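Trainee: The following block contains the structure, expressed as structure tokens.
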Amino acid sequence: MNSYQTNTATSWGRNHIPTLLDNLTTAAMFMFCPFIILVFYLITYGEYLGSIGDFYLDIINGDWQTIWSNIPSFKINVLGACLLWIVFQLILSKLPDTIHRFVPHYVGGIKAGHITPAGNLVYYNINGLQAFIITHVLVIMSCYYGLFSPTIIMDNWGSIFWSVNIIGYLITFLAYFKALTFSSHPSDNKFTGKLFYDIVMGIEFNPEIFGTDLKLFFNGRPGIIAWNLINLSCAMKQYENFGYVSNSMILVIILQLIYIVDFFYNENWYVHTVDIAHDHFGWMLAWGDTVWLPFGYTLQAGYLMNNPIDLSTGFFNLVFVMGIIGYIIFRTANYQKDKYRSNTQGVKYIPCTYQTADGLNRASKLIYSGLWGVSRHMNYTGDIILSTAYCLACGFSHFIPYFYCVYMTILLVTRCLRDEQRCSRKYGKYWKMYTKRVPYRFIPGIY
């Protein structure tokens, strides 16, 4: 029995033994996913103006000259700027949090995370909301005083594509070799010996460099803070090109800003989610957070930048209300779960135990109160509704802005299944009792 099998036999963490197909699949993702983002870039920001059909016709007709003319160029100074952006966010992540002193109910400062499968407890400096505010104040002031243009991101978006890909792969290889040579928490490592699987899915659970947890940092700081700045740059570029900002652009920015601010306001809650509490840090997170997130999650604003859509008042209100309903479901479910962890008075739950790899039995509870008694993943249901609202704001002329809600639905359904497999291993008979009490995953009576 190899070390990986030995480790997984007593651990409720990741225990999948990859097959040849798994290794080939992860190898394909590792090598070809950047080209998917490049295609998104060409269709959304090139002369195709969001038309997948026109792009497809150029491929069929062999018009490679037109396609090639839309491929962005690489600029070394843009790579330097992207690296400085990450360093700047790293500096902000090290500052002590002060926002919790002024913002009601906000939890900031040094806080404990989730107990890892090997029994380690990691602490995080929760100051994302502070970093978000400082960054936006500095960027807005810099634009106001003319230090750089408010369209600077979109003016260099093509070069940024190449730069963040380089950075994403550099971080991936750093994480891989760090895990092999000086792991922060070796007992939580999952090394399978399958090269691409280990690189893509990650070996280390909580890699730290200079006291900073790379998983939380890259999950939240460079990409999600940039998300809103990218949207704002798209809006300013739309204004520059057309002389106004469409109400559809405003709607997308508002709905996504609500989601972004919610993420940072509830960063202390986020450290207990799947991304932080269960996933290992490899290419999937390193490249995903530096490339997939900023380019995939901003497709709506990018599409509207070149295709201004003026929504009717009725449709605007309908999409806005839909987005708010989705957000309320998402936030209420997560709030209830977080609240019930600390105060179980009047809460319906199944008391249970689980064992970590160090052999200790630990107490926990499976809650079926509130929305968690309606379905097992109502937070995901709300997330999908909100994601769909972003896309509906872009009208119905082209499919490309709808990629996001399709992707999020697939992501959250597969994540739901992974969650439940993990919970079944972790809680055993208690999980079976829970699924009998709450039989539906997303939508009561349907699924």
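Residue 1 is the first one shown; counting continues down the chain.
A Cβ is built for glycine as well, from the same backbone N, Cα and C atoms used for every other residue.
Take a look at what Swiss-Prot says about it:
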type     : residues                                                                                               : note
BINDING  : LYS337, ARG341, ILE367, TRP372, ASN379, TYR380, ASP419, CYS423, SER424, ARG425, LYS426, TYR427, TYR434 : NADP(+) binding site
TRANSMEM : 24-44                                                                                                  : transmembrane segment
TRANSMEM : 71-91                                                                                                  : transmembrane segment
TRANSMEM : 102-124                                                                                                : transmembrane segment
TRANSMEM : 133-153                                                                                                : transmembrane segment
TRANSMEM : 157-177                                                                                                : transmembrane segment
TRANSMEM : 244-264                                                                                                : transmembrane segment
TRANSMEM : 281-301                                                                                                : transmembrane segment
TRANSMEM : 309-329                                                                                                : transmembrane segment
TRANSMEM : 393-413                                                                                                : transmembrane segment
Trainee: With Cβ-Cβ distances below 8 Å as the criterion, list the same-chain residues six or more beyond the ends of the transmembrane segment (71-91) that contact it, or say none.
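Mentor: Result: 38, 41-42, 131, 135, 156-164, 166-167, 210, 212, 217, 221-222, 225-226.
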Trainee: Below 8 Å between Cβ atoms, which of the listed ranges 24-44, 102-124, 133-153, 157-177, 309-329 makes the most pairs with the transmembrane segment (244-264)?
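Mentor: So the stretch in question is 309-329.
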Trainee: For TYR434 (NADP(+) binding site), which residues of its chain lie six or more apart in sequence with Cβ-Cβ distance below 8 Å?
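Mentor: Expected: ILE350, LEU366, TYR368, ARG376, TYR427.
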Trainee: What residues in the same chain, six or more past the boundaries of the transmembrane segment (281-301), come closer than 8 Å to it by Cβ-Cβ distance?
Mentor: 29-30, 33-34, 37, 40-41, 44, 161, 164-165, 167-169, 171-172, 175-176, 198-207, 214-215, 218-219, 222-224, 226-227, 230-231, 234-235, 249, 252-253, 256, 275, 390-391, 393-394, 400-401, 403-404, 407
Trainee: With pairs restricted to those 6 or more apart in sequence, evaluate whether the transmembrane segment (309-329) and the transmembrane segment (393-413) have 3+ C-beta pairs under 8 Å.
Mentor: yes
Trainee: Can you work out which residues elsewhere in the same chain, 6+ from the ends of the transmembrane segment (393-413), have a Cβ less than 8 Å from its Cβ atoms?
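Mentor: For the transmembrane segment (393-413), the list is 40, 43-44, 50-52, 248, 251-252, 255, 296-297, 299-300, 303-304, 307, 309, 311, 319, 377, 380, 383-384, 387, 442.
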Trainee: Taking 10 A as the limit, how many CB atoms besides its own sit near the CB of LYS426 (NADP(+) binding site)?
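Mentor: So the Cβ neighbour count for LYS426 (NADP(+) binding site) comes to 20.
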Trainee: Around the C-beta of ASP419 (NADP(+) binding site), how many further C-beta atoms are within 10 angstroms, looking at every protein chain?
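Mentor: Neighbour count, Cβ to Cβ under the 10 Å cut-off: 18.
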Trainee: Over all shown protein chains, what is the count of other CB atoms within 10 A of the CB belonging to ASN379 (NADP(+) binding site)?
Mentor: 21
Trainee: Give me the count of other Cβ atoms within 10 A of the Cβ belonging to ILE367 (NADP(+) binding site).
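Mentor: Within a 10 Å radius of the Cβ of ILE367 (NADP(+) binding site) lie 20 other Cβ atoms.
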Trainee: SER424 (NADP(+) binding site) has how many other Cβ neighbours within 10 Å of its own Cβ?
Mentor: 16
